[in-house]
Structure formats: structure tokens, C-alpha cells
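Some notes on the structure that comes next.
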Amino acid sequence: AYRLAEHYGDDRISCGILSLVGFLILTPFIKVAENGGITVIPVEWIGTKGLFVAMIGSLLWTELFCWLKRKKLVIKMPDGVPPAVQESFAALIPALLVMILILAIRIGFAHTHYATIHQFIYEVVASPVRHYGTSYFGALMTVFSITILWSVGINSGSMINGIIRPLWMENQTDNIAAIQAGVTPPHIITEQFFDMIWMGGAGATLSLVIAMLIFARSKNMREVARLGAGASIFNINEPILFGLPVIMNPIMLIPFNLVPLVLVTVQYAAMKIGAVAVTTGVFIPWTLPPVISGFIVTGHLSGSVMQILNLLIGAMLYLPFMRIVDKQYRAAEVTARAETDNTLAKQE
């Protein structure tokens, strides 16, 4: 809401407050228990289950608020009144109309079997989206969307994660609750699942770095590998993506998009059959090195073993394509050296 109002050049603080008030109006704060007692301030919709209403609502209320102000439905003050006071009074009528609409929505849903807009959004929108978005095929679509956009130089991680992260957070909350209850976490697909995949960054390029360090013969590729290795350990791979390069390179883009799909498949299958522990929902910094991160997010050594296996699989898949590019660089270096020698010989 704050940024949308800023985009329109409108009152950012008022829009932020209005969005918060709107969310509170739509959220039930009195819940009648089965035994007839009353539980005050249930937190069911204050957490991850209420994210959809919070996000969608804040955009809608801000849009409506700014539109009403553009239509001059405001209280106009004399010219001598300070600008801050003018802004406060200008926001009164639009904010009041928006809150009346929000209250009408609250009352309207109270007379349906959903009871609240939260329940409606959760059942009709959030639950189906969550089911697909956190399924195996949803995981494949997520990693492919990230790598295909990176293929043309678009830093897509934050963009895609911003869309899908609310779904992951709900799964992570369920997994944490399951751990606390002493039972097996129910969800495989969480943000930490992908943390175990993105070793070295998008495309799991730490596997590529390992392959280059061991098998590269060209000076160019060995230099890129050495310079990018340190950053890759902490999942920063821009030196590799732009230095090799991988981006806009038709040969390297094949494994760059293929490797994550294979790793998701292998890791999902391993967790599904119980060979690898499911992630617990514990958040970690994205710069945490592989193997360590696998142990922390699963709470089990099998997480570290899975990441080592992922690294080996990724390196084997990258290797044939890396060798093609390496031969090209090697040939170019030999040609350049021969031309230099010929030039020096002529000068002598």
C-alpha cells in the first residue's frame, strides 16, 4: 500500500494505515467455541493464512482511496492552512467511504456459509493455488521460471519468490507445528527445499564450478572458475553467469535450465520415500553454504548427503556442455597464441 501510494504520488502513510484498518475490520476477533464459550482474538487469520486478504486488500483499498481523491471527493481547506493539515482533512472522506465498503463486505460475508472473506479467499483461491504451487509439478514450474528468466539476464529469484513465498510460508508453518507436536512434517515443498537445490545460486552452478575446476583446460575457463568459486560457496553466482558466460550462451543454457529440474525430481523422490528427511520449516540465510544448509533445514545428516549427491549429479550433467565451451576457448587461445608468435617473428 505504501509503495503503491508513492507510485501515485499520494498520501503513503494514510494508505498504509487504511490498509491495516481494513484488514482488522475484515478479520474476526470474536470466535464462538463449540462448548459455547468465547475465545477472544483468534490468531488463525493473523498469520500466513491471512496473507492473501492482507495483500489483495491493501492493493484494492489503496487504489480506491487514490481514485476517490482524484475525483475530488475531499474536504478542501483555505489556502493558509499548513500542507500537513490539508492532507489529513483531504484523506477523511475517501478513507471513510473505503471503510464503509470494507464493513459492508464484512457484513455481507457474515451472512454466507463462509462467514468471513478470509475463509472465502482461503477455500476458493488460496487453497487450490497452494495445492498446485507446492506440488511436484509446481516446484518444477518454479525452478524453470527462475532459470528461463535468468537465461536472458533477468534476476528472477526475488520476483518469482515474492509470488510463491506466501504458499511456502504456510507449508513451513505446518511443518514447524508438526515438529513441535512430535510428528513427521507433512509438506515436502517449502522454501528450504529450494535452498537445498540452489547450491551456488540459480541453476545450481556450484556443480558447474566444480566441473570447471577439475576438468577445464582453457585458461579462460580456469580463471573464471577460480574467481567465481569463493562467491559460489555462498550462493552468489553472478561472476559465473556473466563471466563464463552462461547467460545468452545457447550451449550452457541447456544444462542451466535442465539441472534444477533433475535435482528437484531426485530430491522430491528421496523425501517422498523417506530416504531424506523433510525440511523442518526453519529459516536460513540464503548465503549459507551447501552441506551445512542441508543439515540445518532438515535437522538430519541425510540433508547434507542429499546436497552432496545433488552436487555430483549437477556436475555430471554440466560436464559435457562445459567441455564443448572449454574446447572452443582452448581453440581460440591456441589461435591467438599462434597469431602473436607470427607477429613477433615478423618483427624480428
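Note: Cβ is positioned from N, Cα and C throughout, glycine not excepted.
Just so you know, TrEMBL annotations are computer predictions that nobody has curated.
According to TrEMBL, the feature domain 'PTS EIIC type-3' maps to 1-321.
Annotated transmembrane segment per TrEMBL: 12-30 (among others), in sequence order.
TrEMBL lists 50-68 (among others) with the feature transmembrane segment.
Annotated transmembrane segment per TrEMBL: 89-109 (among others), in sequence order. If you look at the transmembrane segment (89-109), the same-chain residues 6 or more away from its ends with a CB under 8 A from one of its CBs are 11, 14, 18, 21-22, 25-26, 57, 61, 64-65, 68-69, 73-77, 115-117, 119-120.
Positions annotated as transmembrane segment by TrEMBL: 136-155 (among others).
Per TrEMBL, transmembrane segment is recorded for 196-216 (among others).
Per TrEMBL, transmembrane segment is recorded for 240-266 (among others).
Residues or ranges marked as transmembrane segment in TrEMBL: 273-297 (among others).
For 303-321 (among others), the entry in TrEMBL reads transmembrane segment.
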Distant-in-sequence neighbours of the transmembrane segment (12-30), which means Cβ under 8 A and at least six residues beyond its ends: 1-6, 38-42, 45-46, 50, 53-54, 57-58, 61-62, 65-66, 87, 91, 95, 98-99, 102-103, 105-106, 115-118
